[in-house]
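See below for the structure under consideration.
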Amino acid sequence: MAKEQIQVLNALDVAKTQWYHFTAIIIAGMGFFTDAYDLFCISLVTKLLGRIYYHVDGAPKPGTLPPNVSAAVNGVAFCGTLSGQLFFGWLGDKMGRKKVYGMTLMLMVICSIGSGLSFGHSAKSVMATLCFFRFWLGFGIGGDYPLSATIMSEYSNKKTRGAFVAAVFAMQGFGILAGGIFAIIISAAFKNRFDAPPYEVDPVGSTVPETDYIWRIIVMVGALPAALTYYWRMKMPETARYTALVAKNTKQAAADMSKVLQVEIQAEPQNEVRAKAYGLFSREFLVRHGLHLLGTSSTWFLLDIAFYSQNLFQKDIFSAIGWIPPAQTMNAIDEVYRIARAQTLIALCSTVPGYWFTVAFIDRIGRFAIQLMGFFFMTVFMFALAIPYEHWTHKDNRIGFVVMYSFTFFFANFGPNATTFVVPAEIFPARFRSTCHGISSASGKLGAIVGAFGFLYLAQNKDKSKADAGYPAGIGVKNALIVLGGVNILGFLFTFLVPEAKGKSLEEMSGENDEDAGTGEDSEQSHSHNNNNRTVPYV
């Protein structure tokens, strides 16, 4: 059994890059494209929701979502994602990657559509429905993280595995971009058809009744890319590593991969002798992989605190450089158009290029170097923004501020934002791979919640009268940036707990080849592994 099990996996490891690798990237990547669209499209429409449902007659400025409602609408999907990562990560190891992969997608389709429907007309009922569906949408998205990463890493060859897994993650950039572009198109079409005066001219007339359709269309369109990939996801065979190493069906693994690789892989008779393998969180697991799990979870947690706090500064930056004028000088549709345009420009200039730099370099300079470099430059740029913060607030220096800000997030994406996704899919044994990735990514989402909400309160002005409506006084943006610089330093240090997986097979990284050394079967296994490494030709 051992010999042929290794033969199937070895055939995958040494396979030349071919068509099935790209179909796997597209199938897994479209899930990620949808995830990003769904998670980030809400920030395009929150201002609009405030104008429609929280309008106050006679107020000098348009209605905005109260702090608790704003936190719920923006944050409920994060809570769903965190739960989904843990649950589907565990399920992916129990039931198999493929079975669970379809479930997460269906959940995303149903909940995207549900997000745009409302039970009732009052502000309360609309927000409650939106939050309910956004939670379960997040739950489905959460499942996509561990499963996409695991499936892609188990299908890849040794040489280009990092680039393939990073390419799946990089589809997130395109999802954010698509959200912005689609919102621009919809708002431009509505603006053309239903023009309205600015808020300061006519507070009620500036929000035409039809604007209620805009946000519904934007959130519901997220169902489309997910629905389109469902058929292809169901056609993908289960990964050979799951079938051979977890389900112990090497015959099936050989048959599946013969089809995929389009070569004949010999299936030898099944041999049921197997030493008892250690369990998740057993003493043996903690000795072998405890520090690795701490490393992947802590770095992802720390990165996401910094990464998701960007939303705080975005609105100030856009207003500061004049991309978004004061709210009262625009009508509702115009505001959506301008916010979408600003987000699309940021995505184009700093988000998307950073991801693809990682794809290009991850198998050349390695995950470890990229992650260290990313945390290092994020620290440098955060401090460069924070220490002379007063300097950046002057009108003449605004462009410099935006450039520094863009570099911070370029190095997040050409750095730990991509590598923290890749590494947990490579360094754990097959039977825990999806679970450990789920635990790591859930730590990340916990960091996202701290970053998006903790810092929302923290970055408020020290003078309560100058803080945003409804918020208590905070420590100010300058101090918040200094704290974020400190968070990045910690991320840099915790990176040293994570091993480098460049150019190594998954079994080599996870120690599965020598896991039960001492039993005859396993010494034969490691022997056959060495043989196979020499004898199996390139496919």
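Placement of Cβ uses the backbone N, Cα and C atoms for every residue, glycine included.
Residues annotated as transmembrane segment in TrEMBL: 20-49, 69-88, 100-119, 163-190, 213-232, 345-362, 368-387, 399-418, 438-459, 480-499. According to TrEMBL, the domain 'Major facilitator superfamily (MFS) profile' annotation covers 24-503. Residues annotated as region 'Disordered' in TrEMBL: 507-539. According to TrEMBL, the compositional bias 'Acidic residues' annotation covers 509-523. Marked as compositional bias 'Polar residues' by TrEMBL: 528-539.
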* Asked: When you check the transmembrane segment (438-459) against the transmembrane segment (69-88), do you get at least 3 Cβ pairs under 8 Å, counting only pairs 6 or more apart in sequence?
  -> yes
* Stretch-level contact, the transmembrane segment (163-190) and the transmembrane segment (20-49), CB cutoff 8 A, at least 3 pairs -> yes
* Asked: If you average the pLDDT over the domain 'Major facilitator superfamily (MFS) profile' (24-503), what number do you get?
  -> 89
* Cβ-Cβ under 8 Å with the transmembrane segment (69-88): same-chain residues at least 6 beyond its ends -> 38-39, 42-43, 46, 49, 54, 100, 103-104, 127, 130-131, 134-147, 434, 438-439, 441-442, 445-446, 448-449, 452-453, 456
* **Selected stretch (most C-beta pairs under 8 A with the transmembrane segment (368-387)) from 20-49, 100-119, 213-232, 399-418** => 399-418
* Asked: List, by number or range, the same-chain residues at least 6 past the transmembrane segment (213-232) whose CB is under 8 A from its CB atoms?
  -> 23, 26-27, 30-31, 33-34, 37-38, 41-42, 44-45, 48-49, 52, 102, 105-106, 108-110, 112-113, 115-117, 130, 137, 179, 182-183, 186-187, 190, 333, 336
* Asked: Which listed stretch (20-49, 345-362, 480-499) has the most C-beta pairs under 8 A with the transmembrane segment (100-119)?
  -> 20-49
* Near the transmembrane segment (20-49), which same-chain residues lie under 8 Å Cβ to Cβ, leaving out any that are not at least 6 residues past its ends? -> 62, 64-65, 70, 73-74, 77, 81, 104-105, 108, 112, 127, 134, 137-138, 141, 144-145, 148, 151-152, 155-157, 160, 164, 167-176, 178-180, 183, 211, 214-215, 218-219, 221-222, 225-226, 228-229, 232-233, 236, 260-261, 311, 327, 332, 335-336, 339-340, 343
